[in-house]
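Annotation source TrEMBL lists signal peptide at 1-22. The annotation region 'Disordered' is assigned in TrEMBL to 20-39, 289-308, 372-397. The domain 'Peptidase S8/S53' annotation in TrEMBL covers 55-308. Here TrEMBL flags Asp64, His99, Ser261 as active site, charge relay system. As annotated by TrEMBL, transmembrane segment applies to 347-369. As annotated by TrEMBL, compositional bias 'Basic residues' applies to 372-381.
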Amino acid sequence: MLCGAVVALLATLVVPPTPGRAAPKCGPSGERAPTTTPWPLRRLEPGAAWRMTRGSGVLVAVIDSGVSATHPALRGRVRDGRDFSGLPQHAGQCDLAGHGTMVAGIIAGRAEAGTPFTGIAPSARILPLRVLPDTRRTNDESLPGQIAQAIRYAVDNDAEVINLSLETLPTPQLAAAVEYALDNRVVVVAAAGNQQQQRDEPAYPAGYPGVIAVAGVDEQGGHVGTSISGDYVDIAAPGHNIVAPAPGGSGWLTEPEGGTSFAAAYVSGVAALVRAAHPELSPAQVASRLARTADAPPEGRNDQVGHGVVNPYRAVSNLLGTRSDPPLGAMAEPTPVTDPWARERVVAIWAAAIGALLAVVLLVSRPVVRSGRRRGWRPGRRPLEAPDDAAPEPTRP
């Protein structure tokens with residue numbers, strides 16, 4: 001019964017990407033590179049945040065189906081990983097499903113010449129930890145324990161952000177591993193989950209306290225229908241019509257239906273940018289910052305997209321107090337964004353006002369000056385005193 005439940009849960013979340021041709025030994029090779037900028041990059045505009053940071057120095061653990069280190073977009077960005085699924089090939093760098101490589105590319109892929117794709121934090125690095133050997137072998141009832149082991153490994157090997165684009169059953173071991181990560185100042189981001197039918201319970205590990213649970217939105221900004229809703233949803237990101245690197249070579253995979261797996265990856269990339277720019281923040285403060293600076297829905301927070309769609313530029317640049325940020329659940333609405341040009345604008349207004357005042361003074365004083373000059377006044381010269389009637393007339397020589 002437990003095996004069947006795990007199969008049902010993971011089948012709704014990890015969908016095999018669509019390959020262009022037969023998959024090689026370590027994952028599908030994909031299709032040709034996209035010719036236009038993927039819509040999530042147009043929507044999120046991460047380049048605005050890159051003027052401040054590109055995520056350098058931040059290690060993001062991707063606990064998934066593995067991550068290929070051979071794709072040009074990920075070459076040099078992927079550390080030696082570890083396998084927790086029982087497969088012998090190349091530790092965490094063999095990705096039979098293609099899922100983990102797509103997630104890693106969204107987080108930290110770098111731009112290639114002639115390819116309009118890049119990750120959100122292109123200078124971050126990836127730690128691949130494989131727990132899903134492929135999408136046809138997710139019926140292992142020990143999966144929650146394997147995820148828990150991978151989380152602890154990530155924490156002990158200097159990860160600052162953990163991405164969990166997967167779903168499994170809640171267990172005490174998994175809950176303890178998540179708490180271990182948060183206690184060690186590691187940000188944990190997880191997919192809110194995908195549904196094939198209506199469900200009321202949260203997905204895990206996204207449902208654990210302190211985990212940033214991410215829902216998906218489409219190109220129009222609407223909630224993706226298969227993205228699970230609930231009061232545990234914190235934030236949203238693109239989760240529909242996704243393109244990202246393939247593990248087998250230099251091709252690309254497309255996922256028309258998308259999913260919260262990829263939405264979580266976009267948020268993990270933004271979390272890496274925030275970590276690089278503000279290393280002093282705790283996981284709770286990072287989560288609060290992402291929520292406060294998100295593009296909020298008109299009516300405020302809701303169970304479909306949480307506090308709104310993540311905004312990379314605001315998350316990195318907005319000046320928020322690092323000590324006074326309330327817990328994520330305590331916020332009703334995001335705080336208005338600070339205008340970075342407000343001070344300069346005030347100075348310009350005052351300068352214009354003073355200039356106008358001086359112009360008025362000059363116009364008013366000009367007739368007075370002319371009249372004074374006709375009477376003998378010059379700058380720096382005392383005005384002539386009126387003659388004293390009692391004074392004697394000066395003697396002429």
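Any Cβ shown, glycine's included, is placed from N, Cα and C.
The DSSP breakdown of the region 'Disordered' (289-308), given as helix, strand and coil counts, is 4 helix, 3 strand, 13 coil. Distance between Cα atoms for His99 (active site, charge relay system) and Asp64 (active site, charge relay system): 7 Å, as a whole number. Taking the C-alpha positions, the distance from Asp64 (active site, charge relay system) to Ser261 (active site, charge relay system) comes to 10 Å. His99 (active site, charge relay system) carries a helical DSSP state (H, G or I).
DSSP assigns Asp64 (active site, charge relay system) to a strand. Summarised as a single figure, the pLDDT of the domain 'Peptidase S8/S53' (55-308) averages 93. Within 10 Å of the Cβ of Asp64 (active site, charge relay system) there are 29 other Cβ atoms, across all protein chains.
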